[in-house]
C-alpha cells in the first residue's frame with residue numbers, strides 16, 4: 001500500500017509512482033498453519049523429504065539408513081578403511097583402559113566398571129551414531145557429578161551394593177532423557193548450556209578433580225566427600241602427618257612422564273601416539289614397579305583384584321522404589337544433559353574438521369540407547385570424551401569401526417588380562433586423571449570470551465567459581481541461571497536505534513554505527529531489532545516515546561524543521577503478539593496526540609497478517625502508511641513535507657487529515 005492508494009487533496013500533484021505495495025500473506029487454514037509451525041519448530045532440517053516420491057522398497061532402505069547410520073556406510077566399507085580403523089581402535093583402547101579404571105574410581109565405583117563401560121556402549125554407538133570420529137567412553141566430569149550427587153544419599157563404602165545399583169539406575173534415566181530429547185527433537189533444550197557455560201563448568205570441574213587427586217598422590221586413606229576447593233585443601237593439609245613419601249615420589253615421577261609425553265606430542269603432532277600410549281605405559285610400569293619392589297607393603301595403595309569376565313546383566317539391579325529413586329532420577333537428568341552437551345559438541349567439532357555433518361537428534365538417540373543398554377549390562381554413564389576422540393581423529397579413523405575395535409580390545413582385556421591390573425598403584429590412576437583434567441582448563445577460551453563478550457566471560461567465571469567454591473551442582477545452576485537471565489534480558493530489552501541516510505544512496509543505517517549518516521529533516525526513523533512480544537512491549541512503548549521526546553527537544557533546540565513523521569523500520573520484527581499489537585495502538589495514540597504521523601517500513605508477513613486481523617491497519621494506521629522499504633517511506637514522507645510547505649493553510653489542514 002504505497003502512494004497509489006493515497007487520497008490526495010484535489011489539485012495536489014502525486015509523488016513518484018515507483019513505490020511498491022506491502023502485501024499481506026494469503027490466509028491459510030488453521031490445521032495447515034499448525035502443521036507448518038510444528039514442522040518448522042521440530043523438523044527444521046526436514047528429514048522426511050528424502051522419502052517423497054520414492055517406492056516402498058526404496059523408502060525401507062532409506063529408513064534403515066536414516067535410523068541405523070551403519071547401514072549407510074557399511075556397504076562402502078573396504079580394507080583401506082579397516083587398516084586405518086584398526087590402528088585408531090587399538091590406539092584409543094590403550095587410552096580407554098587406564099582412563100576407564102581411573103574415572104570409575106572418581107565416581108566411587110569399582111574399577112572394573114570403567115572397563116565394562118568401554119565395551120558395550122561403543123558397540124551400540126557404532127550402529128546408531130552418525131559421527132565417524134567420536135570415541136565412546138566414560139568422562140571425568142560426569143564421573144565426578146555421579147559420585148558427588150550419589151554420595152549425598154548413600155555412602156559408597158558402607159553400602160557399596162546400593163550405591164552401585166543407584167549408579168546403574170541414574171545411567172538408565174540419563175539414557176531415557178537423551179533418547180527422548182532426540183526422538184521428540186527437543187535438542188534445543190541442551191542449547192541452554194552455552195559455550196561460555198561449558199567452558200567455565202568444565203574448567204571448574206577439572207580444577208576440583210585435579211585437586212582431589214592429591215589424595216592418591218600422597219597416599220591418603222581418609223578424604224572429604226565435599227567437592228569445593230576449600231574442603232579439599234583442608235582435607236589434604238590437615239593430614240600432613242599421614243602423607244606417604246613413597247606414594248608422593250611415584251606420583252611426581254609419573255606426572256613428569258605424562259606431562260613430558262603430552263608436551264612432546266603437542267610440539268610434534270605426528271607423534272600423537274606417544275601421548276596416547278603414555279597412560280597405559282604408566283600403568284604397566286607402575287604395576288611392574290610395585291610387583292618387584294613390594295611397594296604395596298610400604299604405603300603404596302593398589303587396585304587389587306579385578307573380576308574376570310564380560311559384563312554381567314544388571315537389569316534386576318535397577319532401583320525403581322522410594323526413597324532412592326528420586327536421587328537416581330535427579331542424578332541421571334543432570335549428568336545426562338552434561339554428557340549430552342559434551343558429546344554433541346565434540347562430535348560436531350571433528351565433523352567440521354572433516355567437512356561432514358552429524359545429525360544432533362540422531363546423536364541424542366544414539367547416546368540415549370547406549371546408556372540404556374549400558375545400564376542393563378553393568379555400565380555407568382558414557383558419552384564422547386574429547387581426549388579419546390582427539391586421539392581417534394589423529395590416529396586416522398575413517399568410520400565408527402574404530403569403536404568396535406576398541407570394544408574388542410577391551411573385551412580381550414576383560415577375558416584374559418584383568419589379573420594383571422592387581423598391582424596397579426592408585427597413584428598412577430591419580431596422575432592420569434590429573435593430567436587429563438588440566439587439559440580441560442581452557443584458559444585461552446576464557447581470554448577470548450573476555451575480549452569478545454564481557455557478559456559471556458561473566459557467565460564463564462560464574463560457572464567456574466560456582467564449581468570451585470561451591471559444588472558441581474551449584475556451579476551448573478548458577479551458570480544456567482545467568483545464561484537464562486541474559487536470554488530474558490535480550491528478549492525483554494531489544495535494541496532500538498535511530499537511522500540516518502548514507503550520503504548519495506537510498507540506504508539507511510544506525511547513526512551510532514555510521515556517524516556520517518544524515519538524519520532526514522522532519523522525519524524520525526527508528527529500527528526495532530526483535531519480535532514484539534508481551535515481554536518487551538512495555539519497554540518498547542517507553543523507549544519509542546523517549547526517542548520522540550528527545551528528537552523533538554533536539555529539533556526545538558537546533559531550530560530545524562519540526563518533526564512530522566515517525567517511521568518504524570520493522571525489518572527485524574519477525575512476529576508480534578496481542579500485547580505487541582496493543583502497544584502499537586498506544587504508540588499510535590501518543591503520536592496522534594502530538595499531531596505526528598506513524599509510518600511502518602517493511603513489516604513482515606506474519607506481522608501484517610496479525611495487524612490486519614486486529615483491525616490496527618484498517619482502523620488506526622491506514623494501508624497507505626505502510627511501505628516496502630525505509631527508502632520508499634522516506635521518499636513519500638519527504639514529498640508530502642515539501643508539498644505542505646508550498647500549500648496554503650487550508651490545504652495543509654486537508655493534508656493533516658489524510
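Heads up, the Cβ atoms here are built off N, Cα and C, so glycines get one too.
Because TrEMBL annotations are produced automatically, they should be read as predictions rather than curated entries.
According to TrEMBL:
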{"type": "REGION", "residues": "1-22", "note": "region 'Disordered'"}
{"type": "TRANSMEM", "residues": "86-104", "note": "transmembrane segment"}
{"type": "TRANSMEM", "residues": "124-150", "note": "transmembrane segment"}
{"type": "TRANSMEM", "residues": "162-186", "note": "transmembrane segment"}
{"type": "TRANSMEM", "residues": "192-211", "note": "transmembrane segment"}
{"type": "TRANSMEM", "residues": "243-265", "note": "transmembrane segment"}
{"type": "TRANSMEM", "residues": "271-292", "note": "transmembrane segment"}
{"type": "TRANSMEM", "residues": "364-383", "note": "transmembrane segment"}
{"type": "TRANSMEM", "residues": "403-421", "note": "transmembrane segment"}
{"type": "TRANSMEM", "residues": "428-450", "note": "transmembrane segment"}
{"type": "TRANSMEM", "residues": "462-489", "note": "transmembrane segment"}
{"type": "DOMAIN", "residues": "513-637", "note": "domain 'STAS'"}
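The stretch in closest packing with the transmembrane segment (243-265), judged by the count of Cβ pairs under 8 Å and taken from 124-150, 162-186, 192-211, 271-292, 403-421, is 271-292. Of the ranges 86-104, 124-150, 428-450, 462-489, the one with the most Cβ pairs under 8 Å to the transmembrane segment (162-186) is 124-150. Per-residue pLDDT, averaged over the domain 'STAS' (513-637), rounds to 92.
Touching of the transmembrane segment (462-489) and the transmembrane segment (192-211) is concluded from the presence of at least three CB pairs under 8 A, sequence neighbours closer than 6 excluded. The stretch from 86-104, 364-383, 428-450 that makes the most Cβ contacts under 8 Å with the transmembrane segment (403-421) is 86-104. The stretch in 86-104, 271-292, 364-383, 428-450 that contributes the largest number of Cβ pairs under 8 Å to the transmembrane segment (192-211) is 428-450. Stretch with the largest number of CB pairs closer than 8 A to the transmembrane segment (271-292), among 86-104, 364-383, 428-450: 86-104. Residue counts of the domain 'STAS' (513-637) by helix, strand and coil are 67 helix, 21 strand, 37 coil (DSSP-based).
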